[in-house]
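As given in TrEMBL:
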DOMAIN    A:9-194  domain 'Electron transfer flavoprotein alpha/beta-subunit N-terminal'
BINDING   A:R216, A:241-242, A:255-259, A:272-279, A:N293  FAD binding site
Amino acid sequence: MTDYSADSILVLLDVTPSGALAKSAAGLLGAAAGVGTPVAVIVAAPGEGEQAATDAAALGASHVLVAEHAAAGSGLTVPGADALAAAAELVRPDAILVSNSIEGREIAARFAARSRSGLAVDAVGVSRDAEGVVAHHSVYGGAYNVDSAVTWGAPVITVREGSIDARAEAQPVSVERLDVAASGRKAAVIGAFEEEVVASSRPELRGAAKVVSGGRGLGSEDKFALVDQLADVLGAAVGASRAAVDAGYIPQSHQVGQTGVSVSPQLYIALGISGAIQHRAGMQTAKTIVAINKDADAPIFEIADFGIVGDLFTVVPQLIAALEARKA
Amino acid sequence: MKIVVLVKEVPDTYGDRKLDLQTGLADRAASETVLDEIGERALEVALSYADSHPDTEVVVLSMSPGSAAATVRKGLAMGAAGAVQVADEALLGADLGLTAEVLAAALQRIGFDLVIAGNQSTDGSGGVLPAMIAELLDVPNATSLNSVEIDGAELRGERATDHGTMQVSASLPAVISITEALPDARFPNFKGIMAAKKKPFETLTLADLGVDAESTEASRSIVISLGEKPPRSAGTKIVDEGDAGERLAEYLVQNRLA
């Protein structure tokens, strides 16, 4: 039986289907270390927890609770919520941090509803004041900053992926097996899984430092390749406006905007995107915005740090050539 | 089969959306309000099932201010047989936990075999209510579905996850949520709009549902501070005179972005 620090922050770490820690782990543990002592909880299939626990310690977990059970992969959401409930009972943390991934936030949802905890979603940061842990949110596409707290007890906070830059110091590995009493809650059953095929070495859109996005101005699926080319020269991820997705130029997983992915990269280049509020809501927190559009009145220019009124089919190839010439 | 579809009134994402800096609440007067598109898609899933299974009853359920009644009514015009709106002053600024309790209580009162919601609203974009409601009602959550197949007492679908897609199944009753991969919703036609006027529209209060918004048994999430970010301003804008690509390359290199 371990003694847990009075300022423990319980962190549920997502595990990928292949058993590795999800990328969100580093940011979650970094955020937790800023407000207390991070205690990680990992739900894994038998035999798969050990490596993930070692990796979690390297990312700053002072202690790792591993719930290994065969059912981990067969029931949807409920096994995760049961493990989180057992861990919270054991650790009595000051706050519970969970990734705002689809899996993570649904586990947080079930746990919060069950324990009647206050739930704050999609935080971009956490801090501590005299009364406890506070969640910071960026809402309406980054137009407002909102801080939230809970009326009592430990808040359950889901943290936006890629939003936390802080990293925690590596800790010595300290692993404990977590016994989980199944709640018996009815769950959906997970069947066949198909991993998303990552066809290129391009960075993932979510959390990318640079993003090149294309809109309807690209004109066709074939011509959309120009977006890919520029992205590859810059080492950027590829995004798209909803118009480009609706027109079938690129799959929906690349959609940036209110109904797609929200990004805040260092550099965002919008090609042939008019900049409807719909789209701007997903990218206007980028550090630097560049826009190329033939319509001088396109609203994207209102927020662009560098705007070019021109034909992207002549400007972009020239840009690519110029960037390549500098590299050579 | 009784299908309840959760719908929500949201500020139109094609206009500017405002928060009231005094109350921290959405400023409903500042923008056009619409029925959230993902909720319309959820309704479409229910209506297309009802089209081929005439013994299906589709009800739309919304927790919203009284002023949202007209928006909720659009669900009736699209083809739902009835609408239930939970409207109560005490729900102003309700957090996710209270919202889930209210909707779960309303669902228990209405009765359901299947609850369909959108995966994420365009305003709060929390994406947690379907799972919270499923927990409170002790039914499975089959959420974030790209496809839905209803077969008697069973439901199957393809779930979009963070790392790929998985097949999930659940026995009814269940709560599901759907993604934008499902078809666009139908438009209400004239006949539907006229028929909607005669359809049942029930308005419930917290007292009707036996929910106490002030109860301290549950911890609530509250806004403790709020600020508006200064709007971005435009920077340099040039018209291409044949060298814009070169100049942009220069700009990116100077700013260490290339």
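Backbone N, Cα and C define each Cβ position, glycine as well.
A TrEMBL annotation is a machine prediction, not a hand-curated record.
Mapped onto this structure are the features recorded in TrEMBL.
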residue	record	Cβ neighbours (10 Å)
A:R216	FAD binding site	17
A:Q255	FAD binding site	25
A:Q258	FAD binding site	24
A:I273	FAD binding site	31
A:A276	FAD binding site	19
A:H279	FAD binding site	30
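Under DSSP, A:R216 (FAD binding site) is assigned to a helix (H, G or I) in the three-state scheme. Among the binding-site residues A:R216, A:I273, A:H279, none has a Cβ sitting under 8 Å from a Cβ of chain B. Here the domain 'Electron transfer flavoprotein alpha/beta-subunit N-terminal' (A:9-194) has a mean pLDDT of 93 out of 100.
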